[in-house]
Ligand SMILES: NC(=O)C1=CN([C@@H]2O[C@H](COP(=O)(O)OP(=O)(O)OC[C@H]3O[C@@H](n4cnc5c(N)ncnc54)[C@H](O)[C@@H]3O)[C@@H](O)[C@H]2O)[C@H](O)CC1
Ligand SMILES: [K+]
């Protein structure tokens, strides 16, 4: 599914109106009706609904919703935050129709007046502002949003919760906290930012018949259907070599665990052969957890000479001079797909130019803190516009970037972007990144298209955590990274 900025949304709108010739009033009718139909599924027709409208087309959607719900037997009332003369364009067209019906209509005057109107209200619909919002909310929007946020009644936002910008990079203080947001055609970028996602509540895209340009280059979500369509198939006559030969380099005497989890997760997610490159002292401990792997000690000078389909480096490697020189050697010498994680990302900060020298694809898997450090900015700044920073970085350094978080953003060197929305807070624990690195390595070994492999790997990782919790196997408190191995199998099972 596509995700859009305000500019992209207005472009689709004008393409639909100007090139395809569909009148804006029809689009507004479609939007209002689609929202009304979905409100019917959630709010009983015995409920009193108050619809708040503003000066723009978001308000116009509200007039259509009011008419539709009224005609379907709901008790609806409308509160306009602007005077009649400020309502114009397509919104005015629908306002004039609404006026002919017996729907109680109020023009907002004061907090007291609104308190009176709200007395018997059981649900509100927010059509005050949509993607046309600029900067901080002005009066009376700010006051009304503040008053509504204090109420615990059911709140439906149309397109975007009032006050929240469509685009990343904008800092605002006030916004309506909705229970559900019905996004007109496409969800907007801020629904995927940690900072703003909670204002949206649940988000549901509603098709209103917009016609996008031929090949839109929008960000897309990656979900179960995408995985289903692209998951590498296991052919009956395949052998272990069919599924690639992978190398995981990591682990130190102090941190043996990470590399174990990466290797095991890779094998659990379909890798054919995995070799672990680690310190000699680590091998006996790791081998008891991953007996399926083969081992090399990183002190042997020629351990990189074998050909591997894909290599992952960095987990639990440490930040010693010896570890750094090993990482450099790997980045320079590995002639296949290479994934850099954890301590390899730490090393990269001072050595980013090495990435530009690589002739084979490179994947970086930072979390927000690691990415901010690579960019030399604060995490807060990164999280204000993670899509923009990711795209610029991936293009500049010619890498595939997996920016891990509650919304994982995957970007390729051409700037194509996908976002993964599954997973849960149980993953916020040491080791879950190591498991992800293993799943990604495995998919890199098996898949043809790299960005598809990365998207599938991230989705399987999140789905494993969701599966374990939804089925009561673990909770968001006690879930451990090693438990994910069990989840991976269960998720694969749902595709067979
Ligand atoms: N094809 C489509 O995309 C469709 C979208 N629809 C709906 O239309 C809105 C976008 O409409 P637009 O008129 O461009 O913007 P808004 O309704 O969000 O309001 C603009 C309005 O708000 C005032 N304003 C701006 N910033 C502030 C502020 N900080 N405080 C107070 N007031 C502010 C500004 O002066 C303008 O008057 C979209 O979201 C959809 O809901 C169509 O209905 C269907 C087709
Ligand atoms: K709104």
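Just so you know, glycine gets a Cβ as well, placed from its N, Cα and C.
As annotated by TrEMBL, (6S)-NADPHX binding site applies to 57-61, 130-136, 141, 159, 316, 367, 434. Neighbour list (residue 57 ((6S)-NADPHX binding site), Cβ cut-off 8 Å, at least 6 residues apart, same chain): 24, 28, 89, 90, 91, 130, 132. The secondary structure of residue 57 ((6S)-NADPHX binding site), as reduced to three states from DSSP, is helical.
Feature annotation from TrEMBL assigns K(+) binding site to 58, 126, 162. Sequence-distant neighbours of residue 162 (K(+) binding site) (same chain, six or more apart, CB under 8 Å from its CB) are 52, 54, 58, 126, 128, 129, 133, 137, 141, 145, 175, 176, listed in sequence order. The secondary structure of residue 162 (K(+) binding site), as reduced to three states from DSSP, is coil rather than helix or strand.
Taken from TrEMBL, the feature AMP binding site covers 404, 405, 406, 407, 408, 433. DSSP assigns residue 433 (AMP binding site) to a helical segment in the three-state reduction.
In the predicted model, the domain 'YjeF N-terminal' (9-216) shows an average pLDDT of 95. If you look up TrEMBL, you'll see 9-216 marked as domain 'YjeF N-terminal'.
Per TrEMBL, domain 'YjeF C-terminal' is recorded for 223-495.
Within 10 Å of residue 405 (AMP binding site), judged by CA to CA distance, lie the following binding-site residues from the set 60, 131, 134, 367: 367.
Put simply, residue 60 ((6S)-NADPHX binding site) is 32 Å from residue 407 (AMP binding site) when counted between their Cα atoms. In sequence order, 403, 404, 405, 433 constitute the residues six or more apart from residue 367 ((6S)-NADPHX binding site) in its chain with CB-CB distances below 8 Å. Among the binding-site residues 58, 126, 141, 404, 407, the ones whose Cβ sits under 6 Å from an atom of ligand 1 are, in sequence order, 58, 141. Of all the binding-site residues listed (126, 131, 405, 408), 405 has the fewest other CB atoms within 10 A of its CB. Taking the Cα of residue 406 (AMP binding site) as the reference point, the closest of the binding-site residues 60, 131, 134 is 131. Of 60, 131, 134, all annotated as binding-site residues, the residue with the shortest Cα distance to residue 408 (AMP binding site) is 131.
The Cβ of residue 141 ((6S)-NADPHX binding site) has 23 neighbouring Cβ atoms from other residues within 10 Å, across all protein chains displayed.
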